[in-house]
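J.: Take this structure, written in structure tokens, and hold onto it; I'll ask about it next.
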Amino acid sequence: MKDEQSISPSHGLTRQMQVYLQGLQGQRPSLPVSPDVLEQRAVEQLSLEASGYLAGMDDTMRANLEAFQRWRIVPRMLRDVSQRQLSTSILKMQLPVPLLLAPIGVQSIIHPEAELAVARAAHSTNVPMILSTASSRTLEEVALALGDTQRWFQLYWSKNPDLNASFVRRAEQAGYGAIVVTLDTLLLSWREQDIQNAYLPFLLGEGLANYFSDPVFRQALLQPPEENPVTAVRYFTDIFLNPSLTWEQLGFLRQHTSLPIFLKGILHPDDACKAIDIGMDGIIVSNHGGRQVGGAIAALDALPAIAQAVNKQLPLLFDSGIRRGSDILKALALGAQAVLLGRPYIWGLALEGEQGVQTVLQNILADLDLTLALSGYSSISQLDSSTLVNAQPVH
Ligand SMILES: Cc1cc2nc3c(=O)[nH]c(=O)nc-3n(C[C@H](O)[C@H](O)[C@H](O)COP(=O)(O)O)c2cc1C
Ligand SMILES: CCCCC(=O)C(=O)O
């Protein structure tokens, strides 16, 4: 019987063969397969300002990548891995693969088609997309490009409660299936490269499509953003920073939506327990790709203790540092049910638009499928802490 939700049992093999066969016709993949080379090529393509913004901060990002290196997979042999199951369900949502596109704002600085190109690639690969509040295209336009592909909406909780409620209402109407509240960006961090470049895309009006199109936002202005963009941007900066937000206020969201609510940016087990106590539906362990707290714990290092504290009481997702199939496998083994992919799809977008995003997704899923099989597992549900050893580097 064919399981509609599973990707082809030989997705990895099929993709690998497709690439080798094209090679026989003298064609090499145009997009770099190695994530490091992909990043390097994308950086060469982008302006100094855009690549600096995309990179964010170095220190915590490096820690994220190093944490993955410390965990090693211990492969098991001869366990019939001819059929592989990569699907999972989160609350009532069936995910064909344990991967979603992380919310990444202001994609117009990367590619002119921005979130629309990403949405089309999400649609063709059937990978769910989480759209940022700070997107360059409106959530309605992106929903149209996604068609029937699953989508969640990431909410930046501004100081204007009516605007927050309006965003959630619009997301519901446009078919978004969950709200992801990002907790770690109530202020913007000290980003050395952006400060050196004196660059913040929002001040140029980029990434504000959802704000400028919102009736509540527009009502707060004397003139519409099209007539007076400077005042509109100033109003955005007035309400965006919201460091006084507390756990108590999350109840407001519960009253305004029946959608599941995920909290993104959890790094401490006690905060995970708080999320459960106040009735949230899911948690995303993340340090925002190392972009917010310099010197922060690597997100992967935070995962095991949070998984233990949560004890499967609610879905646990993970991001920050996923670069290849083995990284996904490691995060799942340490307790995540699914992961979010961040910068790698943006590097694909920078180089080849929609096609680039699609290629990055197909590659990482092929890599995951093959790594799962070669490690001796026929289903992601079999992964657990016994899949890995923690190998500290020898100095
Ligand atoms: C350029 C950029 C913009 C981002 N914008 C948002 C955003 O608008 N909302 C959000 O919740 N996270 C945002 N993030 C964080 C991502 O959702 C995700 O946590 C992070 O990219 C994961 O790390 P990775 O890039 O190492 O995979 C952004 C990340 C980058 C690189
Ligand atoms: C206004 C900040 C939104 C973008 C963001 O989250 C990031 O740059 O990390």
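Yeah, the Cβs are placed from backbone N, Cα and C, and that goes for glycine too.
Please treat TrEMBL annotations as automatic predictions, because they have not gone through curation.
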J.: Name the one residue among Ser82, Ser132, Ser258 that TrEMBL lists for the same glyoxylate site as Tyr53, Tyr156, Arg191, His288, Arg291.
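T.: Record source TrEMBL; matching candidate: Ser132.
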J.: Check Pro103 (FMN binding site) against DSSP and tell me helix, strand or coil, would you?
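T.: The residue in question, Pro103 (FMN binding site), is coil (DSSP, three-state).
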J.: Return the members of Ser132, Tyr156, Arg191, Ser320 (the binding-site residues) with CB less than 6 angstroms from at least one atom of ligand 1, or none.
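T.: By the Cβ criterion, which requires under 6 Å to ligand 1, the hits are Ser132, Ser320.
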J.: Whole-number Å only: compute the distance from the Cα of Ser132 (glyoxylate binding site) to the Cα of Ile322 (FMN binding site).
T.: 19
J.: Considering the binding-site residues Arg191, Arg291, which residue's Cβ sits among the greatest number of other Cβ atoms within 10 Å?
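T.: For the binding-site residues Arg191, Arg291, the Cβ with the most other Cβ atoms within 10 Å is Arg291.
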